[in-house]
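Each remark here refers to the structure printed beneath this line.
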Amino acid sequence: MKFLLDVLLLLPLLIVCSLESFVKLFIPKRRKSVTGEIVLITGAGHGIGRLTAYEFAKLKSKLVLWDINKHGLEETAAKCKGLGAKVHTFVVDCSNREDIYSAAKKVKAEIGDVSILVNNAGVVYTSDLFATQDPQIEKTFEVNVLAHFWTTKAFLPAMMKNNHGHIVTVASAAGHVSVPFLLAYCSSKFAAVGFHKTLTDELAALQITGVKTTCLCPNFVNTGFIKNPSTSLGPTLEPEEVVNRLMHGILTEQKMIFIPSSIAFLTTLERILPERFLAVLKRKISVKFDAVIGYRMKAQ
């Protein structure tokens, strides 16, 4: 009963906050400057990570680029240097905790305190539970989730000490809405979204107001990791479009970025719709891509 009374007493605040949010829709938020900030991007040798590096280079940030692919990393670094940025590269296996901690130690000693951390590195296996090998499941969680813990533990203390920083989690719409035959990937991205939300709340509980958090949750992106993707929610997203939205979200300090925005509506529907209706709705959305179905192979 006391809890219900407390909720009722908060209704005036709910009305004020709702009006405030509505008004903000029509007032563009000022973008912050990232000139001179030390920005570390994991998975910078390809796709979203590479394009994000280009955008920070244009904004005169100092770049620290990590990737397991040395050739891709060097290509990204060369373009960023051509844009006038100072660039440092490290070949890092984000599935290896000790590799992450070792590289982080070098970054802090040789370059300085990272003030913007973009946890972008990721892997995906398009297969059902039976066709996904145990090492693939382990690697999915090591790269897509656990690496976020290790990088954040390495670089967040300095941000908290300075009360200045930004942790960016590149997740997925699959971190909010489940997709068959992406079991390991969806599970890891649900965990990544949970990491972002809980880290945000921990920082608030500790009254660390200067360290911001942003989570990116796009639909299928045309980066080549998933073959022949399609969905009735819209066309496959181009990396440039996603990175433009990501940069806007970082610079305006948005907490959650859904691309397309209809994903946010879908996540709300999933919580309130009857299960039977929701099952029909998911079939209508018609998510398709090339996948290996191990269950059928076992049955043959």
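Cβ from N, Cα, C; glycine included.
Summarising the annotation, Swiss-Prot assigns active site, proton acceptor to Tyr185 and lists similarity to another entry as the type of evidence. Per Swiss-Prot, NADP(+) binding site is recorded for 40-64. As annotated by Swiss-Prot, substrate binding site applies to Ser172, with the evidence given as similarity to another entry. Marked as signal peptide by Swiss-Prot: 1-19.
The structure, with features from Swiss-Prot marked on it.
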residue : record                       : Cβ neighbours (10 Å)
Leu40   : NADP(+) binding site         : 27
Ala44   : NADP(+) binding site         : 33
Ile48   : NADP(+) binding site         : 23
Thr52   : NADP(+) binding site         : 28
Phe56   : NADP(+) binding site         : 23
Lys60   : NADP(+) binding site         : 15
Val64   : NADP(+) binding site         : 28
Ser172  : substrate binding site       : 27
Tyr185  : active site, proton acceptor : 25
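Candidate binding-site residues: Thr52, Phe56, Lys60, Val64. Nearest to Tyr185 (active site, proton acceptor) by Cα distance: Thr52. Secondary structure at Val64 (NADP(+) binding site), as computed by DSSP, is strand. According to DSSP, Leu40 (NADP(+) binding site) is assigned to a strand segment.
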